[in-house]
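Copied from TrEMBL, the annotated features are:
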- 334-550: domain 'Histidine kinase' (DOMAIN)
- 604-719: domain 'Response regulatory' (DOMAIN)
- ASP652: 4-aspartylphosphate (MOD_RES)
- 738-778: domain 'PAS' (DOMAIN)
- 878-1095: domain 'Histidine kinase' (DOMAIN)
- 1127-1243: domain 'Response regulatory' (DOMAIN)
- ASP1176: 4-aspartylphosphate (MOD_RES)
Amino acid sequence: MSRRVAEFDWARTPLGPSAQWPQNLRSALSLCLGSRFPILLFWGSEFRMLYNDAYVPFLGQAKHPEALGSPADICWREIWGRIGPMLEGVTRSGEATWSDDEQFFFERALPREEVYVTFTYGPIFSEDERRVDGIFVPCTETTEKIVSARRLDTLRQLGARSGETRELDDACRRIAAALSENRFDVSFAALYRAEAEPGGEGEPRFSLLASMGLEAAALEASAWPLASVQASGQPLVLELPEEGAVLPGGAWPEPSTLARVVPLRWSGDGRVDGAVVLGVSPRRPLDAAYLSFQELVAGNIETAIANALAYQQERRRAEALIELDRGKTAFFSNISHEFRTPLTLLLGPLEEACANPQVPEGVRAQLGIAHGNSRRLLRLVNALLDFAQIEAGRLRASFRPTDLAALTRDIASPFRSMIERAGLRLSVECEALGEPVHVDAELWEKVLSNLLSNAFKFTLQGAIEVRLRREGRHAVCEVADTGIGVAADALPRLFERFYRVAGNAGRSMEGTGIGLALARELVGLHGGTIEAASEVGRGTTFTIRLPFGTAHLPAESLAAEPARPARPLVEEALPWLPSGGGAAAPGRAEPGGDRRFASTFGARIVVADDNADMRDYLLALLGGAYRVEAVDDGLRALAAARREPPDLVLTDVMMPNLDGFALREALRAEAATREVPVIMLSARAGEQARIEAIDAGVDDYLVKPFSARELLARIGAVLERDAELRERRAVQERLRRRTAQIETLLDVAPIGVLLIDADGRFVEVNPAARRALGLRRDLLGRDFREVTRLIWRRAYADEIIGIFQRTLETGERFFTPERVETRLDTGRTEFYEWQVDRIGLPDGRHGLVCYFRDVSAQVQARQRMQHADRQKDEFLAMLAHELRNPLAPVRHCVELLAASPDDARVPGRVTPILMRQTGILGRLVEDLLEVSRITRGLVTLRREPVRLDSIVEQAVEAARPLFEARGHALTVHGDPALTVLGDPTRLVQCVLNLLNNAAKYTEPGGAIRIESVRREARAVIGVTDNGRGIPAELLPHVFNLFVQGERTPDRREGGLGIGLSIVAELVARHGGSVAADSAGPGLGARFEIALPLRAAEPGAVSGDAQVPALDDANALGDAPHAPHSRRVLVVDDNQDAANALAALLETDGHQVTVAYSAPEALVLAESLRPDAVLLDIGLPGMDGHEVARRMRASPRLRRAQLIAVTGYGQASDRENSMSAGFDAHLVKPVAVPLLQRMLRQAGARR
């Protein structure tokens, strides 16, 4: 590149001749050309390009060498939108920038080749460092690093996902899913399997296993040259057509132009088993790295498919083995059943016959031989079945901690008599081992019995010895004899199955060769070993070594309870005695059942067995004592049990249609038969079989063959036990119901109940007690003394404990009514009634039961009632005082008028007094009615936007006469910008109440200030005075009804204590709040009303409040003056009220007639035809509403004005009056000017 740069005609470029280049360009170019690292220079405003040899691969053959000296936006037009702004930014700011692994798409090997570059743009400043002349760009291509990492992740995903699969279909799906996560390198994929081997007849067929990224039309095997690839065994690159079916480009928008078909070999024999079609990225060249990646993908696919197929093959092989084992198990189970059932039918009758004294002695001897051989046959069957179970891994031992010395002695002892009768000596030396050995007693008995019977068989003279000792961590048991011995060449095969030493002369030639083999297997189950040492003519010694502990045993086979002694099996060896050694005659079953269980006789038994002989045998055996129904399978047994539930079911295990276990489950599933006991007869011997049966819910398990006596005893025992269980369940059910009833009573009882035992611990605490005591549910078992001291103060806790202790000792009941105490744990004062009694407990000792109830609510309610009663008395006294104050001057004025009827000065003096005092009385009554209306929710607010300064102004104006009379200095400050949504009349009433209150409790000459301010989102009206103040204890209650501050002895403040309560109620209905504050007595007080602010709307804000109307007649206005005299009928059952009102109207020139009852009023109205009727509502007999309706019904009275005059002034009262036909509704005392106006209106109507 140095030569190219030197030979380039730079004069044709804006850079000019190289001889005239500035020093900074020369220096940068020298550094660039001399470096082996890829470097690019951009120079000048057009970013002309200069670069070194290492940078040439970035350009490729399509751009080099033409890129030298060319503008960057022309050479790199495909990425100029990305790099152009970066270059211009470096030129403007003079600050370097860089990028790591930046993705670009070059026009290089492909029209848009995916490339990753790490680069730095460093500014080259002019000599005066005032501008950037060029940009120095060291760079490196990181494409291989990024793409390789991406492809490696795909391979890792393929291995991880497909390695877990066990099915071919699943493996293929996972392969497709893993490939779909890298659409950058695998545009699409299709996986095919060859269905016919190459070289076969016809073209091989291929089936699709999985695909990714392709539509159905492109998935046909015929769309790809699969047969060619299979024949050649080599990959094939396909150029895809640019027209027709376009195949996807994976992550890129343009279609793929190449695909590669790779053969797959997963069978391991070299042949092609399938192929995978892999789409090539349209933005990466198919170079060596790409081909290697595809080969690795194919290898992973081969491995995944091979593993899945191998697993499937192995699973099929395992399933076949399992099926084979299942068949063998079924065979042995069936053969066991087939052997044991006839053996039962042999042994049972033989035992009965041998025990029957009426059978001749000779016959009995022959029967004894038959019985002994039947027992031997049973032993052989059992041994074969044990081997079958060991082979199948289903022989389940139950290892219990065992005194092995005692067990070994018990097993060997029964052999003594037989051995000594043969002229031999038996020595048993079992030393104490110091710790138990975990063995299965039944299996140990089989091992030891086999060894002893073997020793007896091959020992003709001398002795047999059984020795047990401890050697380290093993128990060692030896069985030695002085018999004929075993040759050295036969010893290695001694424990082989079915092996018999040839030529050995023993007591008998009988034997199957499985005894010693079985012994070795059973010792192995115990984690032990067995060895044999022998010398011909001197005897044989068998040595068994069993480890101590349990580490060598499976945990699921361990049992905690000690082993029960096993019964040794001697009968098989007895016939080997030369004479007199036959088996002892078995005992005989009692006819008609076992008399020990006579209480169970008559019980109903269902017998289920598919063997007819067995059914007949059981019927004959049981029929004399029990009601027996015999059936041939489980379904019929179930039907019989449903028809009449039996007392017991005796069933065989293996039966057609429904076996014994399924029968037990079916019985358990139905309520009527759920508790019926079941005894199961089975051919399966061994403790594991018995455990499985008991686990299945069987009550007893009897192995065939069984003796008749054993069967009868077990049936009797099960029936007797079941009867006891039924009785116990009945008692438990009665107890449960009783307990449930008591628990229900305790749970729903409204009083607390505590039950304490003789040790002072809680044994029962009902929910009411827990709620009252506020304690957690872990109270049971705790000491009541400790809990009591946690709840109550020490003195009261000790008092309770003493009372409880005294009651426990003496039995004396204790009761306390309404005990009030303050709790230590909560600090609350509570009232309780409680009683404690002594009771007897189930353990024979005494306990305590405490009943208590929290009466705090009742006591507090009574206290509230007493407080309310006191408030009522105080209110009535206060009301009496307030009423007497105006009544006194009224009475005096009346007496003055009566005493001076002729004195013309008296009316002028008393009239103002009477007017003032009756006004006071009217206001008192109106206040009481107002409180009533508010507390009952009968006040309706007429809300509208209201300016708060206007409310303050109107209230001040209304209160001004009171301030002036008391000489108070009033300061007003109102914010005109505050607007609220409210009822103007009610708001004025509230503010006026606060002002009147301040004036009342401020001494003459005091100062009062009222202001309205904004406080966050609320408007606040504050009234402050320097009056008497409010005591701290009264401050929280000032807004309560009838509450007043301290009054002067002369009660000159007046009032009923209801004004502030009205304020609080009305403000609350406006969504606001009230507050009162005072520094204390003599320090003044401040009251505040806070209301939600509302933004004012132009033209929609009310400024004036309407004065509350006294009646509905205010809408009449002033009527034009008509002739003054009117005919008026006054109706009132209160004669004084009627006469007074009539006198008042007569002084005004009206013609007045008075009626004191409803009938009289109706008669007078018809005759007088009055202009107006003043009618009381509360008339006796017929109320005013009915009188008004009748008057309106009369043609002569339709034009008369009906005016209701009543003490009822609620809105509902007014509505009722209007509905009855009244023209107006006046509330007593009637305002005379208003009445005069209404009478003038009456004249106008005429």
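Backbone N, Cα and C define each Cβ position, glycine as well.
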**Report entry** Tertiary contacts of the domain 'PAS' (738-778), as residues 6+ beyond its ends and Cβ separation under 8 Å
**Finding:** 784-785, 787, 791, 804, 808, 825-826, 839, 841, 843, 845-854
Query - Cα distance (Å, whole number) from ASP1176 (4-aspartylphosphate) to ASP652 (4-aspartylphosphate) - result: 104
Query raised in the report: Which residue, of the modified residues ASP652, ASP1176, has its CB surrounded by the fewest other CB atoms within 10 A?
Result: ASP1176
Query raised in the report: Could you count the residues of the domain 'Response regulatory' (604-719) that DSSP puts in helix, in strand and in coil?
Result: 51 helix, 24 strand, 41 coil
Query raised in the report: How does the model score the domain 'Response regulatory' (1127-1243) in terms of mean pLDDT?
Result: 86
Query raised in the report: DSSP three-state call for ASP1176 (4-aspartylphosphate): helix, strand or coil?
Result: strand
